[in-house]
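Reading through the C-alpha cells given below for one structure.
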Ligand code: IVH
C-alpha cells in the first residue's frame, strides 16, 4: 500500500468517525473548518486516484452521478406490512398475539416515512432498496449513502451479510425549517415530512437527496442467510444495531404484559408532538424471536406484531375564502378560511397560506378541495390541492394591492416573498399587532393584558404606543366591557409589576424586525447595556455572535428612527428597569450545557432555566452526549433515561434532583 492509499484509508475512517459523532451522537469532535480540510484532501486524492476511493467513502455523502432511472432490486426476504389494530380491537388483537400475562413485548413508534432495506456485505453498505411491492423494490443506494446517520461501514465484526430494515424520515423541525427557507426563496415547499422523505430519496440526482435533512431509524434485522438469529429478542437486536452505530428511536421500550402495552400506546399518543419525527402510530411486537417464529406469517403480515394507528394529522376540506392579515412588521399573510374539519380531535377552520407565491405554487382557487395539515406548535397549513375535484364555480384568488387595514400601497422587494404594508405607524393593524407582541408572555409578560384588551384600549385611543400602557389608571379601564374596579386595579398592578424585566426581554418586546428571542439575548450579552446597543454601528453589531447584516441593518434603522427613540425614552422614564448584565466570571456554570426536565415544586422550571442562562450556561432542549448537567424534577421521563444510557457508555453527565440542583446552582453564585 503506498502512502496515498493509506492516507485515503486514514481520512475515510477519520471522517466517518467525525460524521458519527456529529450526526448520531450530536457531539461534534472537530471544528467545521478542520472537517472541511480533511474532506477536501480526501476528495482531491480520490479525484486523481479513483481506484483508491473506498465504497464507504464519506465523499459519497454529497451525491455523485445523476441517474436516468432506478434499477429494480429483488428483496432476499420480502418486506411485509403490518396488521392494523384500533381502539375497539386492541384487547382482542393483543390476545391474538399471546395469552401470557407476562409476555414481553417490544413497543416502538411507527415512523411515518419511507421503508428501506440496507444490506451490508462484510460490513460495507452494498445495497439499499425501497419496499416497492414488498418483493421487488428500487435501488436507492447512491441516495441512501447521502443520509448522514446511515453507517457506510460497520466497524465491529458482523455476519458476512447483514440486512437492516428501517424508516427514512425527515425530522419535523428540519422539515419546517427547510420549508420556511424555500418559501422565503419563493421556491416550492414540501407537502409533509413523509412526502419530504419519500420525494427526497426518489431523486435521480443524489446531490439533491444530500441537500435534504433526512435520517434513518433502524427497526429490525433480517435473519441471516443461514437462518441463524443474531439475537434472541427483538429489543436485543435493536441494541445490537445501536452498538453498530445505527440510530434507533429513543422511544422504543421493552414492556411486560398487555396492560403495559396499552400504557405505552397512551403515553406515546400523549407525547406524540414531542417526538422529533412524525409518527402515525405505534408498532407492538412480540419480543422473543423464537416466539415470533412459532407465530409466523399470514397474508404477508406477521402474526407476532400489529400497528396501532393514531388519528391522522392531515384531512381534506374545502377552501371557502381567503382573508389577509397584517402582521406587526406589515407583512401581509393570506389566511385560508376552511369548511371546519376535525384533524386529530381539533376542529380546524383557518390555515395559513404563508404568502402570495405559495398560493400561486399550489395553484389554489376558492372552492377547491384542499389537504390541511395540523402539527403541534405550528399553525395549520394548506399543503396541497386536489385539482381533479375542482368545482366549476371555483373563483380565482385576487391578492390585494393595498393594505386591508389602512389602504396604504403594498410593496415587495424583488428578492423577498412577502408583501408588506407601507403604512408604517399610520397602519392600525401593525400598531395593534406590535402592542400585542409587547405585552406577550415572552416579551414584557404583562399578565391580564391580552389581545382583546389591547384592541379595546387601542380602539379608544387610550394606548397608541408601548409607553402609553404605563400611563393608564384603573379609571381608564373601568368603562371597558367586563372591567370592574377590582379587575381594573389588578390589571394596572400587573402592568406596573412588569416594569422590572430583563434587557433581552425588553429588546425583544420592541418588535425590531429580525430580532427574536435568541438575537435579543445575543445582543444583550454582547453589548451589556441598552445604550451600547442603541449607539452601535452596523459593523459593531455584526460582531455580536449570530447577528447577521440584515438584523444589524434593522437594529440600526429601528434606533435611528426619531419616533422609536422617543418611545424607548418614555418607557425608561416610566420606570422600566432591569438588573445590569455583568461580566460572567468563569464558573461551574458558564459555557456548560444544562438540561432541565420534569416538573418542579420549589422554583418553576423556566426560572431555573433563566437563572442558568443569566449565569452564562447553555440550556438545551434534549439530552445528548453534549449535556453536562441534568436537573430533574418530578416525573422526569425519557431525558433522564437517555442520560442514564449515556452515562452507561461513559458520558460524564451530572444528574441533580430538584433540591440538590438548586443548591448546586446557588453554591455557584446563580441567583434563583
Ligand atoms: S416492523 C414485519 N417497525 O410500517 C414487520 N415497521 O406496515 C415489518 N414502520 O412500511 C415492519 N415504523 O416501514 C416496523 N417501528 C417500526 C415501524 C415500521 C414504521 C413502517 C414500515 C412499513 C410499515 C409496515
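The count begins at 1 with the first shown residue.
Cβ coordinates are placed from backbone N, Cα and C, and glycine is handled just like the others.
Annotation comment: TrEMBL describes 32, 33, 34, 35, 36, 81, 82, 108, 131, 167, 285, 309 as NAD(+) binding site. Cβ neighbour count for residue 36 (NAD(+) binding site): 11 (other Cβ atoms within 10 Å of its Cβ, all protein chains included).
Feature annotation from TrEMBL assigns active site, N6-AMP-lysine intermediate to 110. The local packing around residue 110 (active site, N6-AMP-lysine intermediate), expressed as other Cβ atoms within 10 Å of its Cβ over all shown chains, amounts to 20.
Long-range Cβ contacts of residue 427 (Zn(2+) binding site) within its own chain (separation 6+, distance under 8 Å): 326, 330, 403, 405, 406, 408, 421. What TrEMBL lists as Zn(2+) binding site is 403, 406, 427.
Annotation comment: TrEMBL describes 584-653 as domain 'BRCT'. DSSP assignment over the domain 'BRCT' (584-653) gives 21 helix, 13 strand, 36 coil.
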- prompt: 32, 34, 406, 427: which of these binding-site residues put a Cβ within less than 6 Å of any ligand 1 atom?
  reply: none
- prompt: Just counting, how many other CB atoms are there within 10 A of the CB of residue 34 (NAD(+) binding site)?
  reply: 11
Query: How many whole Å apart are the CA atoms of residue 32 (NAD(+) binding site) and residue 110 (active site, N6-AMP-lysine intermediate)?
result: 34
- line: Across the domain 'BRCT' (584-653) the predicted model averages a pLDDT of 84
Query: Among 82, 403, 406, all listed as binding-site residues, which has the most CB atoms within 10 Å of its CB?
result: 403
Field: Helix, strand or coil at residue 285 (NAD(+) binding site) [DSSP, three-state]
entry: strand
Message: Looking only at 32, 33, 34, 35, 36, 81, 82, 108, 131, 167, 285, 309, which the record lists for NAD(+), tell me the maximum pairwise CA distance in angstrom.
response: 46
Field: Cβ contacts of residue 131 (NAD(+) binding site) (under 8 Å, same chain, 6 or more positions away)
entry: 79, 114, 115, 116, 117, 137
